Amino acid sequence: MNIGDLSDKHTNGNERPSPKPEREIQNVSVVTPLPKLQLLILLYLQLAEPLTSTVVYPFVNQLVRETGVTGGDERKTGYYAGFIESSFYATEAICPILLSGLVGLIISVVGFGLSKNYWALVLSRCAEGALNGNIGVSKSMMTEITDVTNRARGFAYLPIVWSLGSTVGPVIGGVFSNPTTHWPDIFGTTGFWAEYPYFLPCITIAFVSFTAFLIALFCLKETLDKPTSRLRDPENGRIIYERLPASDPGPSLSTANQEIQRDIGLRSILIPRVLLPVLNYGLLAFTDQAVNVLIPLMYSSSIDHGGLGFDPFVIGLVQGLAGLVMGFTQVLTFPRLLQKFGPKKLYIASYTSYLLVYCAFPVLSSVTKTAGGVTTWTWLIILLQLAAYSMTCLTWGCIFMYISEAAPSPATLGLTNGLAQTTSSVMCVIAPSASSFLFSASLEHNLSGGNFIYWSLCAFTICGIIASSRLPSHLG
């Protein structure tokens with residue numbers, strides 16, 4: 001029995017169906033213009049999250065070593081750096097309040113830049129995550145300021161903002177750290193900036209959050225008590241879209257709708273067609289987060305300990321370049337490749353690129369250690385690694401479509417997305433600590449010549465490839 005059949009049994013010819021907070025009519029020919037100012041404000045607010053989460057990557061490993069918590073043993077860096085990185089995601093959803101979250105975010109980011117004790121860093125990072133969990137609020141407000149005719153266009157901008165923040169964040173973190181070294185004529189060689197070499201990137205991100213707070217405070221409109229809005233066909237005046245305010249949902253739901261609501265629960269999505277894409281989404285999140293952590297960790301480690309000896313400046317530029325290439329790859333190639341190969345083949349091919357990324361790490365270590373320093377061959381392998389990593393960005397578009405299509409019905413789409421997002425968030429908490437811990441353990445105990453971490457993640461990626469082979473060949 002479908003929803004239409006159930007509704008017909010409870011509505012006779014003289015009754016009008018119960019109004020809903022949002023009603024859609026097919027074949028809408030009139031598109032509502034996007035509220036550009038409100039949309040830009042929401043996107044700017046959303047920019048704070050990727051900036052805050054990625055700005056520390058280029059320098060966090062060096063900062064951990066400078067706190068003295070490793071006891072001078074560089075091999076132990078991963079034990080402590082991974083915990084800092086995981087703490088952000090572990091606390092991210094605690095405080096989903098837009099304005100107060102921004103104020104707290106500003107304070108916690110500044111506190112991170114001023115911290116010289118390891119546990120102060122952890123506390124500041126936890127506060128950043130807890131006060132940065134406004135992505136759900138932003139998406140809810142995005143829903144409120146759009147309607148059925150323009151919502152897809154509005155939400156399409158969110159991945160662009162994340163890509164921008166993930167590109168700019170590492171660049172700010174790498175280029176602006178240690179300013180007394182890079183710009184001694186401006187910042188001098190002693191004093192405050194020498195005492196707190198990582199304060200400049202943090203205060204830069206805090207300034208972005210501060211401007212976002214001011215803009216939101218004075219320009220962002222409240223959406224909860226939005227009045228009724230209707231969209232009419234200009235030719236015949238017929239209502240083709242109607243939204244009722246959240247505070248006035250109209251008459252009570254019909255008995256049929258109440259029965260449908262009772263049938264929509266977690267059990268309704270615990271089926272293979274939903275669980276398989278969600279599983280792949282979780283594996284993808286873990287695999288990608290491990291790469292994001294290992295690149296700065298391995299690149300910053302000394303050559304004697306299997307790294308490249310890069311400083312935060314170089315690491316920030318490399319990660320920024322990777323983000324830029326991934327953005328262009330996503331925009332320029334994804335639609336054509338999806339149309340040519342289909343979602344399953346494209347996802348498997350793109351996900352397989354993670355194997356090349358992981359395999360490049362031990363090759364980089366071996367080549368650089370043999371040469372006694374970074375050479376042209378080292379940079380060539382880095383470029384090949386970044387090229388392989390740029391191809392992995394195509395996985396996200398594919399898996400998002402799989403998850404959207406996996407929902408058993410339109411009514412369970414939100415529940416399906418919620419399960420997928422929860423799974424991804426859990427993996428983002430586990431991946432930094434697990435991969436960093438295994439990196440340090442591999443070095444400290446000389447497991448597989450210090451390369452056990454890479455072979456373990458290659459095995460994990462192969463498991464992900466096997467899981468992706470079970471995805472349906474076609475959507476719908």
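Yeah, the Cβs are placed from backbone N, Cα and C, and that goes for glycine too.
If you check TrEMBL, you get these features:
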- 1-24: region 'Disordered' (REGION)
- 97-115: transmembrane segment (TRANSMEM)
- 155-176: transmembrane segment (TRANSMEM)
- 196-220: transmembrane segment (TRANSMEM)
- 278-301: transmembrane segment (TRANSMEM)
- 313-334: transmembrane segment (TRANSMEM)
- 346-365: transmembrane segment (TRANSMEM)
- 377-403: transmembrane segment (TRANSMEM)
- 415-440: transmembrane segment (TRANSMEM)
- 452-471: transmembrane segment (TRANSMEM)
Leading contact stretch, 155-176, 278-301, 415-440, 452-471 vs the transmembrane segment (313-334) - CB distance under 8 Å: 155-176
Candidate ranges 278-301, 346-365, 415-440 - greatest C-beta contact count to the transmembrane segment (452-471) (under 8 angstroms): 346-365
Sequence-remote partners of the transmembrane segment (155-176) [C-beta within less than 8 Å, at least six residues beyond its ends]: 39, 43, 46-59, 139, 142, 146, 182, 200-201, 204-205, 312-317, 319-320, 323-324, 326-327, 330, 396
Tertiary contacts of the transmembrane segment (346-365) (same chain, 6+ residues out, Cβ under 8 Å): 280, 284, 287-288, 291, 294, 298, 306-308, 337-338, 378, 381-382, 384-385, 388-389, 391-395, 398-399, 402, 450-451, 454, 457-458, 461-462, 464-465, 468-469, 471
